[in-house]
């Protein structure tokens, strides 16, 4: 999102705060009518479905049907064996741990790549047209299908793929490496490939708002390049880093497609558990898992938001 | 920064950026090339001749998938989502220029919809429509309406639950872009129009809309491409009809020929074509205006 988006949202928040005391202004009725279609879509296709999910998570199910009820069976089923098996991990905790592992690894890789690319675009590309052109170059893949971007790794990483061919040619290995595709490595690589842009854009946005004279001042005061980076640029780019992190972490927490396809349908994740339960029509327990995922995501976001004032930086 | 020589860090970072671009585009180039494999070619290099064989297989009825139905279904859906995203986002954008009750709530809900895990949204809409189905069937039984009992199967479908699921994904982008647009917007043009006696509607059609038109193309690009490529939110809400990305995802587990690359190339070409057409329209609008 562009800087102007951020300014627009910020201005809106400021205005809303300023006017909250004065009450509705004239024309509020018309504005209400204009906002109604969007509100209606979100009510019917977002809020109501969330409510239904929470309700159904307390329902009973047999092999054939789901029945209205108020039972906690689905939640206890999700955590069945978790206490007994300690210190071992039950299926659910192991799945969450595996999902968190992917969250952390993908967060780390996208952050390193996103920060470096954004830094290059913001501070080393000197003219605006080149900046826009490079930025578009980064954005275009976002407009193509994620499935295609996933399967595009097959000819490179497969057993007879380019990478293995190259490694055998230069004598690094005699037999093709099996862990390149359908593995944890492939999942992290594909998720990084798909979502690095979500880090680049907000960090670039934050960096473009840094007053260039601050950097000159730091240099004039004798700061080394590294000192300028750690005490001026990183603190000022923090809002972008946090917003990018929110995007990447929430996407990976709920992911089931990439982990499914790039993990050869063999690697567990919370999203994949839900998807599998839906396939077996076990809706109430899938709903319970969805509610738990929702809680986990909310928890993660609120922890990240504590680090930044989202109203000012949105 | 001083003119002339660049610091050494520039070259390091430029190299990193080049690698990043290679990382983004390299694999996709590989499948585009591989989709032109000869009839005997496989999923990996080397190329065994060049041909359009796999594109022909894909579009002929003898192929392993019925692609044209899904292709045109996805195209229709993406176009409808695009139009609705533009219209609803512009209306909401106009609304947010004033203060109205619930404005803050709507903004938070839009952002929540953007970052909510897609599987949760998809499951929720799927469940909602299943409950609607049961209610409709129960209603049909209770009132003895035969047309319902005989003909009603499900309310789930491409243009009911599917359309709604896609809008929960495209509308937040549309709204954020509208924030950017109206932030740059100079309201004195509208005031001038009104001073000259234009009605509110005339002001909107002849002043506001022409000014924001190029940016609406941006909203349209997002609306089209996000819907065209959407998969995660589609998974539980399309009923019995698959969209193109769903077909593609299903193929990853079954197809072992370059046909899947041909489909990938086709899909990518279609989205880039759509983006190209829309950006050209924006360019033409801008030029014709500058010439005036």
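Including glycine, each Cβ sits where the backbone N, Cα and C put it.
Where the annotation comes from TrEMBL, it is an automatic prediction and has not been curated.
Within the set B:77-96, B:137-156, B:237-256, the record from TrEMBL flags B:77-96 under the feature transmembrane segment.
TrEMBL tags one of the stretches B:163-182, B:183-202 as transmembrane segment, and that stretch is B:163-182.
TrEMBL lists transmembrane segment for one of the ranges B:12-36, B:37-61, namely B:12-36.
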